[in-house]
Amino acid sequence: MTTSIIERIDAWAEKTPDFPCYEYAGTRLSYKELKRQSDAFGSFLLKTLNTDKEKPIIVYGHMSPLMLVAFLGSIKSGRAYVPVDVSMPVERIEQIKKAADPSLFICTEELPSNLTITGCPVLTQDQLMDALEKHFGEVPDKEACVKNDDNYYIIYTSGSTGNPKGVQISQNNLVSFSNWILQDFSLSQGLRFLNQAPFSFDLSVMDLYPSLLSGGTLVPLDKTITANMKDLYREIPAQNLDVWVSTPSFADLCLLDDNFNQENNPGLIHFLFCGEVLAKKTASELLNRFPDAVIYNTYGPTEATVAVTQVKVTREVIDAYPSLPLGVIKPDMRLHIVDQETGEVLPEGEKGEIVLIGASVSKGYLNEPEKTDQVFFDYKGYQAYRTGDSGIIKDGYLFFQGRLDFQIKLHGYRIELEDIENNLKKVSYIQNCAIIPKMKDEKVDMLVAQVIPTNHDFEKEYQLSAAIKNELKEFMPAYMIPRKWIYKTEFPLTMNGKIDRKALNSEVNK
């Protein structure tokens with residue numbers, strides 16, 4: 001099997017040229033069209049970009065077929081891409097642009113009116129369409145394509161300083177991940193994959209590349225649909241899905257609809273979950289509703305290419321453990337549980353930090369050598385990553401035991417609580433704050449902000465909360481904004497003078 005992602009995707013243009021690689025809301029893109037358009041765009045980039053190929057290309061948009069064309073065209077020109085979704089606030093986009101130092105900023109949709117990109121060329125949607133037309137029929141030099149350990153994509157995740165970090169994923173990383181998904185999860189040719197996550201979220205890689213590499217069809221549910229439950233419940237059975245890829249929270253939302261079942265979705269027999277804890281209650285209800293389906297629980301950080309462990313969730317597994325296991329490590333990886341202080345590898349049954357070693361592990365953070373050295377290291381010639389996750393191995397399965405720091409998963413998004421706190425402290429009405437995750441059914445249900453406010457003239461607390469949220473939305477993504485607000489005159493402190501987070505946590509999670 002060829003190791004080139006692009007060659008394997010392009011091969012479907014010969015095998016099944018008219019089969020849709022993307023289909024949604026009347027928009028259809030065939031494998032032949034994907035190849036021709038990405039060839040044209042790759043040719044355009046090779047002829048017009050003279051900058052260092054180490055500099056990535058930012059692709060701005062939202063789950064459209066044009067984003068796929070831009071991704072693959074960038075790869076064919078030898079440059080990694082950075083997906084940036086339209087839902088991101090302007091300040092976040094500016095932070096990513098500054099950190100990535102891109103060679104080009106591609107707009108597959110219009111930029112917000114209050115965002116101006118400087119310091120690199122910008123390609124508008126009209127210019128992109130014009131480039132595809134002018135270079136139609138051209139084929140870029142295969143030698144120019146991203147290969148081996150070259151960066152393939154870079155996804156920005158939450159950083160503890162308030163600035164996002166760019167995780168570099170190479171072609172080799174992506175090949176390892178994609179081969180594992182297709183083989184271990186028994187995904188055959190021509191299946192229809194749900195695309196729930198925006199491309200700026202690495203969960204999307206779990207549907208995008210397994211779909212394209214197996215000659216399948218990517219079926220996105222964009223933000224206009226997922227924001228309206230009636231539309232969502234109507235659309236899901238209409239899409240004739242075979243493979244479900246989402247966060248558990250999204251499945252919980254769909255399970256609120258009594259019609260979300262096997263009868264109305266007869267082909268839906270593969271469920272793949274990642275991004276947060278899969279509760280036993282969710283898995284059990286899915287098995288009730290979809291008796292023909294196979295459910296997989298997976299685990300992995302962005303730094304190890306989406307996911308590295310898997311377990312098939314059966315009634316026996318649900319009944320055997322108090323919480324669902326994360327599964328077993330993929331064949332070309334090793335997993336150690338280590339003592340966080342000494343680095344000593346711990347035996348089965350002891351809790352410690354999860355360390356991942358092998359083919360899926362990223363080379364590090366783009367343009368951030370110090371942050372890279374803090375968590376990435378060489379282990380006997382293999383790349384290794386300290387996850388900051390606490391875990392334990394029982395019966396050969398990995399079990400998640402929470403975060404060792406202030407990082408959590410909420411609705412599939414990885415969030416540094418310090419990131420939120422640093423951003424909240426920018427708000428004029430906040431003197432000090434602490435963010436506490438409220439737990440429900442073994443996972444984070446919502447974020448609670450405990451706040452010491454500055455002097456203000458609001459009569460009611462809800463008025464203060466509204467004013468704070470109004471400021472926050474200018475520079476923080478919606479999923480990071482706390483849902484509940486508690487106001488205090490002072491915080492409890494530990495003996496060494498730090499905020500007593502255990503005390504605050506016990507208040508929130510009584």
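Including glycine, each Cβ sits where the backbone N, Cα and C put it.
Positions annotated as ATP binding site by Swiss-Prot: THR157, SER158, ASN297, THR298, TYR299, GLY300, PRO301, THR302, ASP389, LYS498. Around the Cβ of TYR299 (ATP binding site), the number of neighbouring Cβ atoms within 10 Å comes to 30.
Taken from Swiss-Prot, the feature D-alanine binding site applies to ASP202, VAL306, LYS498, supported by sequence analysis. When other Cβ atoms within 10 Å of the Cβ of VAL306 (D-alanine binding site) are tallied across all protein chains shown, the result is 26.
A count of other CB atoms within 10 A of each Cβ picks out ASP202 as the most crowded of the binding-site residues ASP202, ASP389. Counting only same-chain residues six or more apart in sequence, the Cβ atoms lying under 8 angstroms from the Cβ of ASN297 (ATP binding site) belong to PHE273, LEU278, ALA283, GLN310, VAL311, VAL313, LEU324, PRO325, LEU326, GLY327. Taking Cβ-Cβ distances under 8 Å and a sequence gap of 6 or more within the same chain, the neighbours of PRO301 (ATP binding site) are LEU356, TYR385, THR387, ASP389, ARG414.
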